[in-house]
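S.K.: What follows is a structure written as structure tokens; I'll ask about it next.
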Ligand SMILES: Cc1cc2nc3c(=O)[nH]c(=O)nc-3n(C[C@H](O)[C@H](O)[C@H](O)COP(=O)(O)OP(=O)(O)OC[C@H]3O[C@@H](n4cnc5c(N)ncnc54)[C@H](O)[C@@H]3O)c2cc1C
Ligand SMILES: NC(=O)c1ccc[n+]([C@@H]2O[C@H](COP(=O)([O-])OP(=O)(O)OC[C@H]3O[C@@H](n4cnc5c(N)ncnc54)[C@H](O)[C@@H]3O)[C@@H](O)[C@H]2O)c1
């Protein structure tokens, strides 16, 4: 057994762990990083990167089918699903060097490719190594939650970990779960040529503002994806290629493949958290707002901490931990300025409070709403991508939340993320000049929609203007 003493031990080389490692080592901390699987974690290997690469292929197929709207003959795309998967693997391979063991060792990080578990409050074992650390960061991520659906374990089913190895296009994909994973993969597979049915126990995309998610869901339905809400999968039967899912109200759905996308489970098994006095909650490792666990020397970040589960949130958490564990400065994780996007077409993005959350937190009358539809944006008209809306939730003249559905919503939401993070006012957004014709103008127009009734429907403004006009030379 090799004994190692270090300043910082990080478990998990995914989005969160790698960011902590890079920040800490470059500031002079001695860092040991333990990873039991692929460097890069879920995002690179089984999550964001492969899903967005697959969505890109699906977009190409969709564009070929609908080129006629731009005066170019539409064609039925010849989809080679195996080649699409090669493209997906190629994208992963092109990003992998950035997250690689070699790169991190080059920075001075000691990388150990083993599974880590606690042996005391400040020591972990990983293979033939016993590592004692002044601070430990658990960045162990999450895996697909596989629900106890009767018969599921007896049939072949896909998850976000196995989907990327499938080489034949599913004839009919049944997606269990209408969250972001389920909906992104449903639309992508429909565009690549599969028949697709989504079974959602509650409401699809329920974490987003329903006014905006309805627009995205209508578009996805319009492309032929069958989305059945209130359909809780209860039983599964059949054999490979001929599977049946029965819902708890007795409806039966037949398909060739099943994708299980009903949420995530934090990776805590095998860490022996109890040995180190670390408690868990229903969703992950229990942390305070400085991301410290119930063991003061141990932090938990990213998906393992059970809050918002996104790569950029893991990266944000990493910054908090570097500040606290490396620089010894106070640092608190907030959530009100953290955006997310779901990469449907049209995209759906959000930051801050939804309308319902804002009204509940601040009272009905304290909240104002401004909207601007893509139809009024000339670039969206030129692109014929007019299906969309910007909706801003405002309190005392400041944006406290924003949602966008439409082309590039994921890119566009950054403006509101910046506005909310920096405490900007609606006045600041309205004074911005965006180049014409761009989607960026949407935001100025949304801010304009907030001020228009105040300016144009006000008797006081009209009185002042009449007075000014009388005295102007
Ligand atoms: C299909 C899909 C699509 C997604 N798309 C997006 C997206 O578009 N945008 C976005 O922001 N987010 C997306 N996400 C979410 C994103 O992937 C996660 O939020 C992010 O990967 C979390 O980073 P992390 O560092 O917490 O965990 P991970 O990246 O999962 O890394 C954790 C690492 O810890 C390792 N590990 C676990 N236990 C141990 C142990 N005991 N010892 C050693 N190593 C261990 C694991 O092997 C893993 O490599 C998506 C997720 C999925 C599944
Ligand atoms: N674009 C992105 O950023 C992106 C993309 C994919 C995933 N993610 C991350 O991954 C997380 C997990 O995504 P997800 O879609 O797996 O989970 P989710 O929890 O967001 O959605 C799961 C859905 O499955 C439904 N469900 C649960 N049990 C069911 C059953 N038996 N039958 C039918 N429906 C059932 C739930 O009602 C819920 O709507 C997301 O919350 C997000 O943090 C992000």
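Placement of Cβ uses the backbone N, Cα and C atoms for every residue, glycine included.
According to TrEMBL, the record shows the following:
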type     : residues                                         : note
DOMAIN   : 7-317                                            : domain 'FAD/NAD(P)-binding'
DISULFID : 43-48                                            : disulfide bond
BINDING  : 52, 140, 141, 142, 303                           : FAD binding site
BINDING  : 177, 178, 179, 180, 181, 182, 183, 184, 200, 263 : NAD(+) binding site
DOMAIN   : 339-446                                          : domain 'Pyridine nucleotide-disulphide oxidoreductase dimerisation'
S.K.: So if I measure Cβ to Cβ from residue 181 (NAD(+) binding site) and keep only same-chain residues at least 6 apart in sequence, which ones fall under 8 Å?
M.R.: 51, 160, 261
S.K.: How many other Cβ atoms sit within 10 Å of the Cβ of residue 183 (NAD(+) binding site)?
M.R.: 27
S.K.: Mean pLDDT for the domain 'FAD/NAD(P)-binding' (7-317), rounded to an integer?
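M.R.: Within the domain 'FAD/NAD(P)-binding' (7-317), the model's average pLDDT equals 98.
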S.K.: Within the domain 'Pyridine nucleotide-disulphide oxidoreductase dimerisation' (339-446), how many residues are helix, strand or coil going by DSSP?
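M.R.: Within the domain 'Pyridine nucleotide-disulphide oxidoreductase dimerisation' (339-446) the tally stands at 45 helix, 32 strand, 31 coil.
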S.K.: Identify all same-chain residues not among 177, 178, 179, 180, 181, 182, 183, 184, 200, 263 whose C-beta atom falls within 8 angstroms of the centroid of the NAD(+) site's C-beta atoms; report them in sequence order.
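M.R.: In sequence order, the nearby non-listed residues are 175, 185, 186, 198, 204, 205, 261, 262.
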S.K.: Considering all pairs of residues in 177, 178, 179, 180, 181, 182, 183, 184, 200, 263, annotated in the record as contacting NAD(+), what is the maximal C-alpha distance expressed in whole angstrom?
M.R.: 14
S.K.: Any same-chain residues 6+ apart from residue 179 (NAD(+) binding site) with CB under 8 Å of its CB? Would you list them in sequence order, or say none?
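M.R.: The answer is 204, 205, 206, 207, 261, 262, 263.
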S.K.: Distance between residue 52 (FAD binding site) and residue 43 (disulfide bond) at the Cα atoms, whole Å?
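M.R.: That separation, Cα to Cα, works out to 10 Å.
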S.K.: Starting from the Cβ of residue 142 (FAD binding site), draw a 10 Å sphere and report how many other Cβ atoms land inside it.
M.R.: 23
S.K.: With the Cβ under 6 Å from ligand 1 as the test, give me the qualifying entries from the recorded positions 43, 48, 141, 181, 183.
M.R.: 43, 48, 141, 181
S.K.: For residue 141 (FAD binding site), which residues in the same chain are close in space, meaning a Cβ under 8 Å from its Cβ, but six or more apart along the sequence?
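M.R.: Same-chain residues close to residue 141 (FAD binding site) (Cβ under 8 Å, separated by 6 or more) are 12, 14, 16, 41, 42, 266, 267, 302, 303, 304.
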S.K.: Which binding-site residues from the set 52, 177, 179, 181, 200 have a C-beta atom lying less than 6 Å away from ligand 2?
M.R.: 177, 179, 181, 200
S.K.: In Å, rounded, how far does the Cα of residue 142 (FAD binding site) sit from the Cα of residue 200 (NAD(+) binding site)?
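M.R.: Counting only the Cα atoms, the answer is 21 Å.
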